[in-house]
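Feature annotations, reproduced from TrEMBL:
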- 1-421: domain 'Glycosyl transferase 48' (DOMAIN)
- 176-201: transmembrane segment (TRANSMEM)
- 222-246: transmembrane segment (TRANSMEM)
- 317-336: transmembrane segment (TRANSMEM)
- 342-364: transmembrane segment (TRANSMEM)
- 417-434: transmembrane segment (TRANSMEM)
- 446-466: transmembrane segment (TRANSMEM)
- 478-501: transmembrane segment (TRANSMEM)
- 507-528: transmembrane segment (TRANSMEM)
- 549-570: transmembrane segment (TRANSMEM)
Amino acid sequence: MNQDNYLEEAMKVRNLLEEFRGNHGIRYPTILGVREHVFTGSVSSLASFMSKQETSFVTLGQRVLAYLKVRMHYGHPDVFDRIFHITRGGISKASRVINISEDIYAGFNSTLRQGNITHHEYIQVGKGRDVGLNQIALFEGKVAGGNGEQVLSRDVYRLGQLFDFFRMLTFFYTTVGYYVCTMMTVLTVYIFLYGRVYLALSGLDHSISRQARFLGNTALDAALNAQFLVQIGVFTAVPMIMGFILELGLMKAIFSFITMQLQFCSVFFTFSLGTRTHYFGRTILHGGAKYRATGRGFVVRHIKFADNYRLYSRSHFVKALEVALLLIVYIAYGYTKGGSSSFILLTISSWIMVISWLFAPYIFNPSGFEWQKTVEDFDDWTNWLFYKGGVGVKGENSWESWWEEEQAHIQTFRGRILETILSLRFLLFQYGIVYKLKITAHNTSLAMYGFSWIVLLVMVLLFKLFTATPRKSTALPIFIRFLQGLLAIGIIAAIACLIGFTDFTIADLFASALAFLATGWCILCLAITWKRVVKTLGLWDSVREISRMYDAGMGAVIFAPIVFFSWFPFVSTFQSRILFNQAFSRGLEISLILAGNKANQES
């Protein structure tokens, strides 16, 4: 059962088996669940969060599900009625894609074939949960992808058809519905922010707010200035808190919750929300969920920056930077009645989400802010970024190979159409910001927007000139570099002249950069989606180089704060004390002393 057992608990198995003869409604039980004891909670704060979350699910959660008759099998220590199952098609399912969460299909099979699943806590079985953030993210990614496939499966369809209305709603929320609601929560943040940015760029927020005040329409004014104060990550911890109150009592539950907050549990749960949303959404759009081997090892070691970047780049970092871009545009051009305090109240939960998604992998990384490790991580990351890909080169060794692997999920025509529609949202930034620049002098003609595309084309051509490196002769590269130097001086002089002799300002320069960044990302997404077309046009190498530049820029944005905090030795000590248990923290400090002594001996 991939679990740990105790002799004392085994003594009670006879009593447990008697439940198969007990009265549990119309039918005898076919699967009988027991509770788990997660013993890895003391390793680190992450292990503690996972063990507490798991404990609430395998105790309080399972009791409620069994009472409502919608408990399935979740890979927990369940006792199966063997004869019932092998005479009704067995337990395992055939497909390794749609049945990737293979354990829950045993519950689906049992329920569909008129079985009865119950839960009684006679015994508890030991279980080791994942203790590192990367393991946890891979596990949650696998489960979220599995739920995406369940949405498409015939078993869930049949259960939905056969259940009565209330049992169907309960079943929905306890299986795929939880992931649907998680995705809806994150989409709500996006829709809210895109709505605010549209109002800000069009000037509607100011005019509607002013009109509402003139007419005395307080409801409209209140709706426009709604405080989006929902900290989405914390709500996933509510069942856990209820479990604490039941198991430990109110005071212990309060102290436990405060301790978890001090150990950045909100950051972790907000980050997990992003993991679940990404993998569930990708599976719904493109299918093809994969088994992700976590290893379940006792991994409390430093993870390199490049490893974290590879794992979370598309699932968290890109999305967090998009939300940050929306917030910056809203702060720059938006209008609220209460001024800056209203801006802060309106956007603080979104900023917390951005910080969580960008920096959680480094906050929870052992020795994440140790200077020597940071220097080594930077060298490793730059080597990976500029290492040439090719046949047989793995994604962990080369950015080019990894980039190609990241596009493997886009395979169907339907998926390409959906990706194209979703990518077009990035064009909003350029369209809105162009008309806000002072150089346009409130000119709202389409010619201005067209001119901005000409400027973008010129920028792409300049980028091609700067990255051109001919290798055939020795005389050419020196001449090319000389031209590139002259071109760089010419560009700086042209920008200086624009600022000096026209209405173009430094603020306009930064605004244009933000707009072109978003449009460039849109073009990249479309080029990757329609890869075959781009390859036939011979533009694929250019697309790859621009993508490399984007990844280098994203990495630099994330790396800069890590470097800053690594300068202060106390940050690393503070991180070890708060996030890891005492024995591990002491071991880290001793290893640092030994490493220093070894370095002295070598010198």
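The backbone N, Cα and C atoms fix where each Cβ goes, glycine too.
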If you count Cβ pairs under 8 Å, which stretch among 176-201, 317-336, 342-364 touches the transmembrane segment (417-434) the most?
176-201
Can you name the far-off residues of the same chain, 6+ from the ends of the transmembrane segment (507-528), with a Cβ under 8 Å from a Cβ of it?
325, 328-329, 332, 407, 410, 419-420, 423-430, 432-434, 436-439, 452, 455-456, 459, 495, 499, 534, 539, 543, 546-547, 550
Other same-chain positions with a Cβ less than 8 Å from the transmembrane segment (446-466) and lying at least 6 residues past its termini are 430-431, 434-435, 440, 483-484, 487-488, 491, 512, 515-516, 519-520, 542, 545-546, 549
For the domain 'Glycosyl transferase 48' (1-421), mean pLDDT (0 to 100):
83
